[in-house]
């Protein structure tokens, strides 16, 4: 039988795990009790900083399989041939809530993917919506503060939340999605995923094309009403996590169809909307979806903390054949995500097994807290050197990216104030019953927000479509004419 006797961290057997050392049966605890001190000290440090956003999450391993040839667009090895399979890890999450938040709350859902390719890890850090509230990362900390707890009373504040959202009219597209029936997915298995940002593909000829990534659930879309969600939360705050775990355990593996949209650099220069604006989508009629592969989740983690809580996703992690774009929000995340992981997990978080590349890597980074991989041994710690170590690969350079204009703090609202056309298009695509749910969900979510904030939201909705603003005003029980007065 395997030896499962209790030991201290250094391997020393523990003689007594029931009673502390004391001076006499009623006497004080002895500081010399090594197991008591070790056990308490480790307990005091068990909790690492939680993610500032996406704190409550669930994860699973799986496989990405290529079903369609896209090698004319990208030289990324993950897409190199039809039938190729790549191991991956996916973490789903709610966004605004803390670790103890309920899974079935009305919120955006995170959909973060890590592909363990032979060229390195590719992290596609997405959500279940194709857009976001913001197009400038300078306002991301403000969004966080608005949707988190109020600094005075430590309670969530509809007033703070909606005050911020309604003062940024470009947020209306995301707000409309969040307040729609899709604002509460029935489970992680029954929602779509999106890379959301614009990225770039680079092919064998080093030609660039812009790309957006989509994952369409093959289980079908299923959502919850507010009332259904409230009933579930009353009984099970881990409903989405339980559904994902149990479905994989019984062999009912969830799948998503992996698709892309493509836009040439010339098309981007001349298109009527800014293709790098995260508050807008690329219309499918102009840039149709193209099938690429299938993502299947088929293995649960063995330990939640080690594999889900310590997983770290960073959009900076790309592979050859995939690149970035002028998307401002993407560029902000390129810094912020890695910086947050270094704070949360340490500078060597890539050595944690769930984050570690499956291919050889030689990153030149040395030392730092919790360095456990040999630290590159006696290899030289500088470059250039005379010993052929740490050489770069100039043949891997991307083509030059054209930029336009002078460096300045440009106010994008001065040359792009089209905040309402796409939310209006989305509203008009909804059948009447979904529009009514949108009105009612919005009214409940606004709760006790001040009247002038509700009126401001009605004005924003009315600009997207008069029926949208009218319906929200009626659901809120406020006078439409008064609300429309600027």
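Even glycines carry a Cβ here, placed using N, Cα and C.
Quick look at what Swiss-Prot lists:
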type: ACT_SITE; residues: 54; note: active site
type: ACT_SITE; residues: 127; note: active site
type: BINDING; residues: 337; note: heme binding site
type: REGION; residues: 1-28; note: region 'Disordered'
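Overlay of Swiss-Prot feature records on the structure.
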residue: 54; record: active site; Cβ neighbours (10 Å): 21
residue: 127; record: active site; Cβ neighbours (10 Å): 23
residue: 337; record: heme binding site; Cβ neighbours (10 Å): 19
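Residue 54 (active site) falls outside any helix or strand according to DSSP and counts as coil. If you measure from the Cα atom of residue 127 (active site) to that of residue 54 (active site), you get 10 Å. Residue counts for the region 'Disordered' (1-28) by DSSP state, with H, G and I taken as helix and E and B as strand, are 0 helix, 3 strand, 25 coil. The residue listed as 'heme binding site' and residue 54 (active site) are 12 Å apart (CA-CA, integer value). Reduced to three states, the DSSP call for residue 127 (active site) is strand.
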